[in-house]
Amino acid sequence: MGKKLHTASGRRFILLSLVMWCVTILFLAPFYVLIIYAFKPREATMLKNPLAFPDTLYLQNFVEAVQKSDFLRAFTNSTVSTVCGVIVLVLICSMAAYIVVRRGNNRFYGIWQYIFLASVMLPFQTIMFPLYKNLMNLHLLNSRPAYVLVSVGFQMGFDIFLYCGFIKTVPVELEEAAAIDGCSRMGIFWRIVFPLLKPVTMTVVVLSALGIWNDYQIALVVVSKEAVRTLPVAQQSFIGQQISYLNLASAACLLSIIPMFFLFLFIQKFIVQGVTAGAVKG
């Protein structure tokens, strides 16, 4: 009996290992293709075996990618939009979540938490055309503030959801003690509550930065003009109907990954803690 269980357990372990290896390969394969194409000349990407590792590292791709796609301007646009969007999201979402949680007994405030959560399920395609028309009527197309505003709107629901879950774990007694000492509501939030939200704030920073930095659909609709376009839209210039430069597109994409990679490494220890507390507790 024990031998059969041992055999069944071993087979289950082998099966799960195979599944995990397949999933790992599935996720890592695009990165492998991206890296080898970034270091190959264009001719090598059209050979019979385009997935072979390059014999020599062709670094000229990175130089051409920066020059031909106006990479530095797009990088600046993405950086400014991401930084502004993250700051606005942290300020607005933390305060909104605080009010919703602390006044959750009020039906008016309580229902807003579900409204914010429902907005997460709204795909961009459903409002893409009305949004484009409204921005055009307001003369806000190809405007960086408009892009930041729209991006914040689509990120806001999920960020408030995370903040709500975390704020529920903050003891109310701390706020009551501060109120007895004469601290105002804003003072209680910024001096007592907000410093305790560091884990979930770091999570919001990473997820929001990734969402805005990697966004393509909103950027394509709102800021498609060359002077204000972001990195994902600028990289599209390497892909055409008649001819494509996959090597240059891969090099530009690899360069655009670097800032978010280091941001993730810098505050990764807060991500699991923030997501777990924000999504489970309360």
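Placement of Cβ uses the backbone N, Cα and C atoms for every residue, glycine included.
Here's what TrEMBL has on this protein:
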- 75-267: domain 'ABC transmembrane type-1' (DOMAIN)
- 12-39: transmembrane segment (TRANSMEM)
- 80-101: transmembrane segment (TRANSMEM)
- 108-127: transmembrane segment (TRANSMEM)
- 147-167: transmembrane segment (TRANSMEM)
- 188-213: transmembrane segment (TRANSMEM)
- 245-267: transmembrane segment (TRANSMEM)
> Relative to the transmembrane segment (108-127), which of 12-39, 80-101, 147-167, 188-213, 245-267 accounts for the most Cβ pairs at distances under 8 Å?
Replying inline: 147-167
>> Using a Cβ cut-off under 8 Å, which residues of the same chain at least 6 positions beyond either end of the transmembrane segment (80-101) come close to it?
In response: 109-110, 112-113, 116, 144, 147-148, 151-152, 155-156, 159-160, 163-164, 167-168, 189, 193-194, 197, 201, 204-205, 208-209, 212-213, 230, 282
